[in-house]
């Protein structure tokens, strides 16, 4: 039986102050680049519904905030903007060589008040372009043809792919390399997830590999009692390239993630209940497979970090499903289907990069759930954590296995802490159950004024500043109160290319304070902030 954690928000640490930037549209996606030497690059996307009765700059129906159709498509259009920012650490001294010295600071650089003296985080807008309305952005986990690649899920039913062009560390832009139409019937692309997240790549072969683990036959027996409820995904696939997985115990597999690739696959979920697999090359992309997966909008898709042939999906029909992509004709039916655990739509899924068989899901029912998937056909719900808001995104920390960042829609943002080791788990191992763990909300961020949709951790370790959390949390503030000066809030038209600064303490220690980007919808805000607690520092 799953344990239900008590909401830890009243006792949670309150994150330090942030930089706030007002975008030109409703903000719903932020993603830091994971590629080495490009970790300072931050992408942000917006989605704005414009109808005949709304002039440019006004919001559409509030009913469209969750990606619904929002009215007759012939009488409305969905527009978006794609932004790139540079986020960097800077010493406060004027001779550090990053920007324009004193002239830059006098020209309008703004700082958050955290009572600090010697370090800053700079946020500089580098690039913006108009697009269709954006629902999701995802950087490829490795370079494609030698360059970082960004994918964009759009309201017009397409997925666009961009190559990052960098003239130097302080100047970069995007160049579109390919665009594929996943739906010609008016369905919207809602979410994305790249395969090869952990580097266990897939080789293309003329035969299907057994790969070991994740057998679809085992799942068929477990799901028979629910399968008659719906018949989905039968033979909808187009041309398919069969896959031979690299076994996870292959000693060369772990090194794959450090290599450049000429091609990768990405999963795309759509508002008509279908899922597509798109094959992405250096200068082109094609839809390899599409199938009907759910009865309603598929809000999220996620590959298994450890088994790249396994894909998970969650939808507005309250169903959480797993799919095996190794079949010649594509997934005929799910290897498992859970329709009883989530009381409302499943919005977010992510596989743990540290613990095999561990999956995290988020739902409109305001709970984060941790699952043990060692029994392929019947996932075990281990923990259920109430958060006080619909869980639109969940993100495992890039190097701390016990922290999960959550976007909680009406309840801001939170960081969960998974305390203790699983049964049978020893120091240095990533496996084991979660039954003996305690999950709680360790930190909250409540500075946004609207629906919290986008959230991501920075992968950069250069920001290694300690002591901020103890001072920030010791201030006499109410729960969720975060200081954001009004002077820091500037519209995109006023931003130009000036640097936007968050000052940080210069004290160093072995613990690492995490840099986080978040965004919210109707107030159109992008925030860049530091978590109050460093990894390994405890609560």
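Just so it is clear, glycine is given a Cβ too, placed from its N, Cα and C backbone atoms.
Note that TrEMBL annotation is computational and uncurated.
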Handout entry: Matching range for TrEMBL feature annotation, region 'Disordered', among 428-470, 471-513
Key = 471-513
Completion exercise
Which range is region 'Disordered' per TrEMBL? Of 10-32, 33-55, 56-78, it is 56-78
Exercise for the section: Could you tell me how many residues in the repeat 'WD' (339-374) are helical, how many are strand and how many are coil under DSSP? Expected result: 0 helix, 18 strand, 18 coil
